[in-house]
Amino acid sequence: YNVSITLHGLLMIFFLVMPALFGGFGNYFSPIFQGSPEIIFPRINNFSILLLALSYVMVIMSILTEYGAPTGWTIYPPLSTSFMSLSPSSIYFLIIGLLISGISSALTSLNFFLTILNMRIYGMNLKSLPLFNWSIIITSVLLLATLPILTGALIMVLSDLNSNTLFYDPTFGGDPVLYQHLFWFFGHPEVYILILPAFGSISHIIANLTQSLVFGNQSMIFAMSSISLLGSVVWGHHMYTVGMETDTRAYFSGVTILISLPTGTKIFNWLSTYLGSHPTLSIGSSTNVFALLFLLMFTIGGATGVILGNSAVDLALHDTYYVVAHFHFVLSLGAVIAIFASTWYYLPKITSTAILPSPTSTVSLLNLLLIFVGISLTFTPMHFLGFNVMPRRIPDYPDSFHS
């Protein structure tokens with residue numbers, strides 16, 4: 001059970017959402033949107049996608065050796081180190097895979113960053129840069145700033161596991177909470193890395209469907225920048241239960257709730273874009289409904305995030321299904337819906353319309369219906385489980401949870 005949810009988390013984040021929204025759509029459309037013929041280092045790009053394949057093989061190798069890695073996607077010590085680890089070679093493969101994936105992401109980020117800064121068409125300044133490219137450049141900066149921290153944390157886990165170091169072993173003066181600080185310093189910006197390209201993509205889809213500019217273009221850019229900046233200094237809200245002092249918890253609570261302001265700005269801007277125009281595609285278009293669905297689901301996920309940002313509430317709800325419901329509403333029902341919306345919207349443009357069903361076809365509407373009903377029925381009840389303090393990552397439950 002724990003091996004499967006560990007791999008689910010890592011594969012969805014590092015091998016679905018990031019390669020699709022950031023690597024995939026970013027690679028294809030950011031040069032087109034700014035009029036450059038190609039990204040700045042095409043061969044490094046090629047290298048990074050080959051590295052991604054290699055890292056995927058390594059992560060899958062972790063379930064083919066010994067028992068797999070039953071640590072949760074966060075790979076916390078002592079579950080991942082020393083005598084506690086059920087399966088050292090599995091964790092070894094998992095971490096090597098993640099490190100290679102990190103190199104791949106860093107190279108791609110550097111590529112996008114330099115492309116957008118240096119290869120814009122003549123006369124296009126940063127102020128008039130399309131929102132999608134803004135989302136990609138901000139995501140790149142976040143990745144370049146936080147990936148080295150994760151890399152360091154994982155290398156220390158590896159050396160604890162294989163080289164007799166004691167970074168995370170409290171028996172000899174190490175500190176497992178140090179790992180949490182290092183991990184979440186990457187792990188929280190990571191969720192913005194996943195959702196920012198979705199913001200950019202949804203902005204373009206809504207602008208094109210309404211045949212108008214996105215309302216408040218500058219404020220959207222400032223909002224994305226603020227989200228990335230604030231998102232990098234709130235890692236401690238994942239750690240309210242480790243024994244932080246009150247003033248630290250107050251700081252993390254305050255800044256976490258502050259993130260809702262730029263996020264709310266974006267939601268209202270999108271809604272205002274709809275408000276001021278007549279969408280050209282009917283409500284029968286799956287792309288249009290996916291975009292609206294993104295707004296709804298992301299808003300619900302954001303609202304539960306504000307609730308969990310309060311340390312007092314989080315102490316009760318920490319590691320319950322409420323948290324699982326929260327981040328799946330943002331990711332599964334936010335980022336993944338953005339992937340579907342972008343796919344239906346852009347694939348006919350990439351492949352020529354003859355190849356694939358149109359966004360108004362029965363297939364696309366069936367896709368929309370199944371996705372919407374499936375994810376809503378999966379994740380909405382988890383809020384109630386969380387309020388009944390049903391813990392996550394536990395495969396079996398007492399009878400009191402049957403109802």
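The backbone N, Cα and C atoms fix where each Cβ goes, and this holds for glycine too.
In TrEMBL, annotation is done automatically, which means it is predicted and not curated.
Worth saying up front: this structure is predicted, and the values here are computed from it rather than measured.
Feature annotation from TrEMBL assigns domain 'Cytochrome oxidase subunit I profile' to 1-403. Residues annotated as transmembrane segment in TrEMBL: 6-29, 49-69, 89-119, 131-158, 191-209, 221-238, 250-268, 289-309, 321-347, 368-390.
In this chain, the transmembrane segment (191-209) does not touch the transmembrane segment (89-119); fewer than three CB pairs sit within less than 8 A of each other, excluding pairs fewer than 6 residues apart. Below 8 angstroms of C-beta separation, residues 131, 134-135, 138-139, 141-142, 145-146, 180-181, 184-185, 187-189, 191-192, 196, 199, 244, 248-249, 251-253, 255-256, 258-259, 261-263, 265-266, 269, 308-309, 311, 314 of the same chain, each at least six residues beyond the ends of the transmembrane segment (221-238), sit close to that stretch.
Mean predicted confidence for the domain 'Cytochrome oxidase subunit I profile' (1-403): the pLDDT average there is 91.
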